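Data block below; observations after.
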Amino acid sequence: MPDYKSTLNLPDTPFPMRGDLAKREPGWVKSWQEKKRYEAIRAAAAGRPKFILHDGPPYANGDIHIGHAVNKILKDIIVKAKTLSGFDAPYVPGWDCHGLPIELQVEKTHGKDIPPAKFRELCRAYAAEQIERQKADFIRLGVLGDWSNPYRTMDFQFEADTLRVLGQIQQAGFLYQGAKPVHWCVDCGSALAEAEVEYEDKNSPAIDVGFAVADRADLARRFDVAAIDTPVQIVIWTTTPWTLPANQAVALHPDFPYTLVRTARGLLVLAESLREAALVRYGLADGAEILAHTTGQMLEGLPLWHPFQDRQVPVIVGEHVTADAGTGAVHTAPGHGLDDYVVGSRYGLKVDNPVGDDGRFYASVPLVGGMSIWQANPLIVETLEASGALLAHEKLLHSYPHCWRHKTPIIFRATRQWFIGMDSAGQDSGVRDQGATLREQAMKAVEATQFFPHWGRARLEAMIRNRPDWCVSRQRNWGVPMPFFTHRETGALHPRTTELLEIVAQRVETAGIEAWFALDPAELLGDDAAHYDKTGHTLDVWFDSGVTHACVLKRRSELAHPADLYLEGSDQHRGWFQSSLLTGCATDGRAPYDALLTHGFVVDGKGHKMSKSKGNVIAPQKVMDQYGADILRLWVATTDYSGELSISDEILKRVVEGYRRIRNTLKFLLANLSDFDPREHAMSVDEWLEIDRYALAMTRRLQGELQRHYDAYEFHFIVQKLQSFCSEDLGGFYLDILKDRLYTSAGDSRARRAAQNALHHLTHALVRWMAPILSFTGEEVWTQLADADDSVFLHTRHVLPEQGGEDELLERWARIRALRAEVQKELETVRVAGAIGSSLQAEVTLHATPSTAALLSSLADDLRFVLITSQARVVGADADRVEVAPSAAKKCDRCWHYRDDVDAHPEHPGLCGRCVSNLFGDGEARRHA
């Protein structure tokens, strides 16, 4: 019997079935670097419309974690998608280099007794070393960017431009110095930014303290009662006993009703809505007698005695007082709370801060001098109890601000700091709304910004609406200095501040921040140096990263301002998004971005936060070593990043399965294009078979959908549709039907070349769709389609041929596919029963209604190819029904169809008539499939 296998057009490609991504990807990374792929992309994209995704700088400390990987992969997908969509989309990565974490690492290695200049030198070296480590991992992820020329906030030019932005903000009138309560970390020894504070549960002493009324006759008049000869106390409730030494007043709500109550402990004044709960707490509810009511406003100015210091404090009123808990009376210490500070300012209260940088009371403070605030708490409680001022004492578990670095409780303490005023109107600069405050400008800028997902707008608006002034000064060594000279007596800035800032900035451009630290004030001030102090403050690192729009976007010629997109984790609503917004509005009157995209945090497969203690941390390096970066990239794209991103070994295994389906499709496509040259074998769409035109219509429709999803950053929909297209539209339908034509038709026949034309366009479209996500696999596919020096990223979206009547074609074949699905169900039933093996062993009779019969009959003999059966007949009927029977015909040794004409040609034993025609005659005629 002849062997006809050699007469078939069998698939042939060096593209391997197994990806072996972990082994192969490093070779692609090396190739990209050797061939300067990023630079080549920039050259190819020159002159196109710009799309600028501005990189928020990760902190230069420690190995990258899975959250870093998510962030960089999302950015890379967008940049590559925009490049393929016809944009010039440069990507300049950056790093945040100053600040406390680096200081702590240097101290851990070298100790604390290091001269400041040497210490900063070590910090700079450490940051540079960390950047190189992180950079290698980011590159390994397949992220293309200007890695040889990133921006670093410690670069001299960047540091100098940071000072210039500070100067602009100072000139605009938004910067001021003041003693205000700020978040203070005792362990850091520095003020903290809002973004450096996180809330955790803490047990605190909750105490009710009575402030004795100093003028009982005055109180009687205000309550409109007869003379009072019994001691009276207004009772406050607090969870910070240590702040009582700094108390300057007791605040009531002006509109709340307050009650004068007679108890076994004397007369008490309590908010009416909280009276009952308070008396129960004190054990004084039994026998309590209500004497009178009045409003908080009527008690304003009433003098009270401090509970353990020999001084009087007034009653004040404020809208910040609530009736949620406590007594309706608030102990007010302007040096230890922002609300207290604000209301105290209206009354001219003293801003007293008896606590030092280390969290200890100054030695001169009565009772608690020299003690830490936490040690002072029990002593103050004991003192209050001994004096009869303590009415209740209990432990309260509540949410309390903690330092994000040390995980320790922080305090509010008033210090001399530099602030950017949220409610300052600033001076008209020609770019801002005249008379608008920074808060108003920021709110307007948020309104003009596009958000992905949309709920980010409300979140950022709420933060801007409620945030306090921005404390931008820090007491650190490794940071960009605030190069101001302040008058020793008045505290005023030197009148030449603008000029001096630029002189210092020019020096910093040459020598870095050391130029300021080493500066002798007399060099710049001359005789004035005797009257001015050189400030020792450094800038908040959020200011550093918040001015990248000026130091990077405006500075680098390949970029543009404003950026089209900022993309970071959802925590950056209170971090980089906000600091960039405020500095942008202060200098340019607008946000430095047109759109914001936020992604969620990574959690384990059970939705739990990752932590080393739980042992559920998944490192991106491990995933790349085990599965390859493309699997990590596919996982990121598969997940809806607007919420939490779940990852586990089980989830990754499912991603691998999805990848294999895509890879199998790619292998089939490439294997059947091995002898196809578009320059030689191209055909007009009119010459294609109908099912090929249908495949083109599906591809064109999907390309439009995917482009819309890419534009909306909806990557999980892209992956869903890509996998569905590969599995259902291609593998489960078109390619399955196509195998017979590709393998058995004459190699250069119209039928086969038409199929290859369709596959050529489909492959070129598919590889471009997937390349932003599966970048290494995309490049691997591209080597089979183009020269070795070429890259998929040097091209734009594939231009698919146009054709008329696509809507009708799609509708017609949707009906055919639905009918085919019914046939497949019946074939499977017969196969499971053991009557047939493959569907080619079956002969199908379709009993069809007139409309169905007309549709199926229009395919003529090609219907059997669509159904992948050896024979298909259509007969009229009142209802659609499928009948399947095993074929009694012989099996063709070449095409495996069961046909009555097998062995009809004695000179070609074992062949059916169409195989004889395809091999030795004019070839079979196909029109539809």
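Glycine too: its Cβ is placed from the backbone N, Cα and C atoms.
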Worksheet item: Per Swiss-Prot, which of 58-68, 201-211, 597-607, 641-651 is motif ''HIGH' region'?
Response: 58-68
Worksheet entry | Stretch carrying motif ''KMSKS' region' according to Swiss-Prot (options 299-303, 454-458, 609-613) | 609-613
Practice prompt. Identify, among the binding-site residues C892, C915, the residue whose Cβ has the fewest other Cβ atoms within 10 Å in this structure.
Written response: C892
Worksheet, complete the sentence: Near Zn(2+): residues not in C892, C895, C912, C915 with Cβ within 8 Å of the site Cβ centroid are T744, D893, R894, W896, H897, R899, V902, L911, G913, R914, V916
Fill in: Contact set, same chain, for the motif ''HIGH' region' (58-68): CB under 8 Å, 6 or more residues outside the stretch
95-97, 99, 101-102, 105, 127-128, 130-131, 133-134, 137-138, 152, 569, 601-602, 610, 617-621, 647
Worksheet item: How long is the line from the C-alpha of E568 (L-isoleucyl-5'-AMP binding site) to the C-alpha of K612 (ATP binding site), rounded to the nearest angstrom?
Response: 23
Item to complete: Please compare the binding-site residues C895, C912 by how many other CB atoms fall within 10 Å of each one's CB, and tell me which has the fewest.
Response: C895
Worksheet, complete the sentence: All chains considered, the count of other Cβ atoms within 10 Å of the Cβ of E568 (L-isoleucyl-5'-AMP binding site) is 21
Worksheet item: Which of the three DSSP states, helix, strand or coil, fits C915 (Zn(2+) binding site)?
Response: helix
Worksheet entry | Rounded Cα separation (Å) that holds between C892 (Zn(2+) binding site) and K612 (ATP binding site) | 63
Item to complete: Do me a favour and check the Cα-Cα span between C895 (Zn(2+) binding site) and K612 (ATP binding site); whole Å is fine.
Response: 59
Practice prompt. For the motif ''HIGH' region' (58-68), provide the mean pLDDT of the predicted model.
Written response: 95
